[in-house]
Amino acid sequence: MLYFRYGFLVVWCAAGVSAAYGADAPAILDDKALLQVQRSVSDKWAESDWKVENDAPRVVDGDFLLAHPKMLEHSLRDALNGNQADLIASLADLYAKLPDYDAVLYGRARALLAKLAGRPAEAVARYRELHGENAADERILLDLAAAEFDDFRLKSAERHFAEAAKLDLPAPVLENVGRFRKKTEGLTGWRFSGGISPAVNRNANNAAPQYCRQNGGRQICSVSRAERAAGLNYEIEAEKLTPLADNHYLLFRSNIGGTSYYFSKKSAYDDGFGRAYLGWQYKNARQTAGILPFYQVQLSGSDGFDAKTKRVNNRRLPPYMLAHGVGVQLSHTYRPNPGWQFSVALEHYRQRYREQDRAEYNNGRQDGFYVSSAKRLGESATVFGGWQFVRFVPKRETVGGAVNNAAYRRNGVYAGWAQEWRQLGGLNSRVSASYARRNYKGIAAFSTEAQRNREWNVSLALSHDKLSYKGIVPALNYRFGRTESNVPYAKRRNSEVFVSADWRF
């Protein structure tokens, strides 16, 4: 019901621009516009013979509004401008009962209700129907373009915004159209991001802790030692989303990252990894799905794979290719609301190593299954977590008459928390931890049983908004990793502290 006192109809909505004319603008209460609405409705009251008695609140029910169709239509238009879903729903149902109601106004109400209720596909369908029947209506054109943008139909949204930009519209409306077109260009243009940071690694050569074993009645101990090295971590990513039709896109994405110890004269310990995708992606307001074939490379700081006596070049910047492979990724992400998302992905690829001995054991296929979720808590915190399963199946099931012990299955879980500390002036923190079990097949080397690993990893990152400069955001990072195993040579322990500088352009 609507309540009336002192000759003014109190409509609980913000009178302002519509979804299309003011989309993406903050919701504000325009007191001047609201006063004009109230005065306009008050004039309608003055024309009626309904008198005020004892200054009591007057209740306006559906029958009264049906008896005053102009007042009902005026209120519905104001509710549309204010994006008030409950009020629109009540007034639209009443308005449709009028014998000579405006079908276009009613259609706009149903379309906006679908949009506000989180049904963007339905909203687009309704606006497209309205636009097909009323191609000259500027308001419907803008509402349609905004709805298509919200549902990530960027190609048609850009086309309709381009049409609107040619119309004789008020300057604020044209400015808003320009903002939408700029956003669309940013989403479909080339996007680059990357980072470079100094790092100190206490175990750059990935050596196992010192251990001893019995061999023919003699004790043999390892001689390798962990080597400390200062290096540079680097990462760069490029992405291009090309609209095809409606929610369908061609996606190109590539990334490469690694560590170089060039300045420590230990380039032999360099490592890197790169992957490039090119495939189909479906994307709308609620979900994203993709089929993405990819090519990947694994990089190394040394090319002396088979020639063990070859002298190592410890002052080399470009890495060598250690292994490469091709595969495909199937992925799906669902967002039930803006603050919560679920993701699942499947991967399959085949890898090939350059080194003959390693290729004999490690050429083969790898399958992965990944499930993750992220939840926004309030305005400044996000928690996330997931489960990962990976298996490696070597091309050669047996080597030298024994089961290939490079085959494994890995189960892992991880969780994390990201927080923006506004009370500290813009400090941002991110902490994550993971645990996994990796079980190998066959008998491990120098052992009588299969290898069983347990892997722990912890990472922490701190950054501050006030320290950013032209899109470059420095962060202090700490990483710790530990692997426990039933075979001594597979044990690992490593920690790293580094300052990163990430940027997007």
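Cβ coordinates come from backbone N, Cα and C, glycine included.
Swiss-Prot lists transmembrane segment for one of the ranges 50-60, 171-181, 248-258, namely 248-258. Swiss-Prot assigns the feature transmembrane segment to residues 368-377, out of the candidate ranges 118-127, 158-167, 368-377. Per Swiss-Prot, the listed range annotated as transmembrane segment is 381-391 (candidates: 62-72, 95-105, 106-116, 381-391). Within the listed segments 261-270, 401-410, 411-420, 441-450, Swiss-Prot records transmembrane segment for the stretch 411-420. Across the region 'N-terminal domain' (23-188), the prediction's mean pLDDT works out to 82. Counting same-chain residues at least six beyond the ends of the transmembrane segment (411-420), those with a Cβ under 8 angstroms from any Cβ of the stretch are 380-390, 426-437, 455.
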